[in-house]
Amino acid sequence: MSSLQKEVVKSRAKNLPNPAILSSRLMQHKGHYKRDYEPVHWSQYFQDRKSIAIAEDVFYAYYQGNEGPLLVLIHGGGYSGLTWAQFTKAVTALVTCQIMAIDLRGHGSSKTKKDDDLSINTLANDVVHILEAISENRPIIMIGHSLGGAVAVRAAPLIPNVIGVIVIDVVEGTAMESLRSMQGFLRSRPAQFSSISKAVEWCVRSGQIRNVNSAKVSVPGQIKNIENNTLGADDLEHDPKPDPSDESNSATSTLPAPLGTIVEGELSISSTTEESSSVKYTWRINLAQTEKYWNEWFHGLSSAFLELEAPKMLLLAGVDRLDKELTVGQMQGKFQLQVLTACGHAIHEDAPDKVAEAVATFLVRHKFAEPTADFTWTVPCC
């Protein structure tokens, strides 16, 4: 190397940052990446939670809104009515409507004599009886996610004032195929959590829910306190925390951070606040024990959906999830298909704004609801 080249190299080296300073800055940046997993109280999204007594059973539902058609929201297996929190906030800003998000039998705060009876007929009849009990002959749009979609399809023909049905990410063919790996998935989940925030963290970082703001209100409805058997959401009853974030709740803005290490069945992540391990939480429902009902939940679902007389829409996380029967039905124009990308199975949690826009457009197109000033049309796509 010539002397001139050496001088050039030395000159450039002087302008490079000190490695020690660079390392320090990187560590500071790492320290700033500290996602908030603190649970949020349901009252930030719903104006009320009511109990509905049916014989010796008591069901709970979350409410929002006082005018317009009633959107009856039915959650999937293992979730609760709180899974619809962010969607509720988004859709009520776009159209004038009322929300009723039900906790199904064996889920959330609902308590029945036979919590383990999760046959599709029992679940559908529960929804029918709940709506009969509130004694209001309002126009109803049934919206169900996963298992809730199957329940909505079976219950809709039994309710005279149902004017529309929306099913989210459940198709008979793909659902039946996925059941073969369901037990393995359930075994891979942690059995316990030392706190509600740890459960929220696991759900986000594992990718089960990709939207951290949704997880913070939804997950407390999926777990229970081992010591007193109360729902995680009820443990927050006397200590409601405001939602500190106004961040966009799109799926792409809330993708999970890299998964941490697993210690004793639980994520060990230094970014979360250390809490007392004296209080332990576990899942509200043992889904592994419901296996005997899995086939009947989804068997015959596609034909039952296509046979519904009311206008209907199917929202999917991928067009490849359509089975043959629904593909033919969609080409025949028997239902509206909307596909949302960059979402997991819980589309309404991962991308509540996009789901709300699709639902609001469906409601306005069929003149089921009046649009608000914030409403914009969404073009159906697949």
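Glycine too: its Cβ is placed from the backbone N, Cα and C atoms.
The annotation domain 'AB hydrolase-1' is assigned in TrEMBL to 71-358.
The active site feature in TrEMBL is assigned to SER146 (among others). In sequence order, HIS75, GLY76, GLY77, ILE168, ASP169, VAL170, HIS345 make up the list of same-chain residues 6 or more apart from SER146 (active site) whose Cβ falls under 8 Å from its Cβ.
For ASP169 (active site), other Cβ atoms within 10 Å of its Cβ number 23. Residues or ranges marked as active site by TrEMBL: ASP169 (among others).
Sequence annotations record features per position, and here TrEMBL assigns region 'Disordered' to 232-257.
With a 10 A radius on its CB, HIS345 (active site) counts 19 other CB atoms from all the protein chains. Per TrEMBL, the feature active site maps to HIS345 (among others).
Predicted-model confidence for the domain 'AB hydrolase-1' (71-358) is 87, expressed as mean pLDDT.
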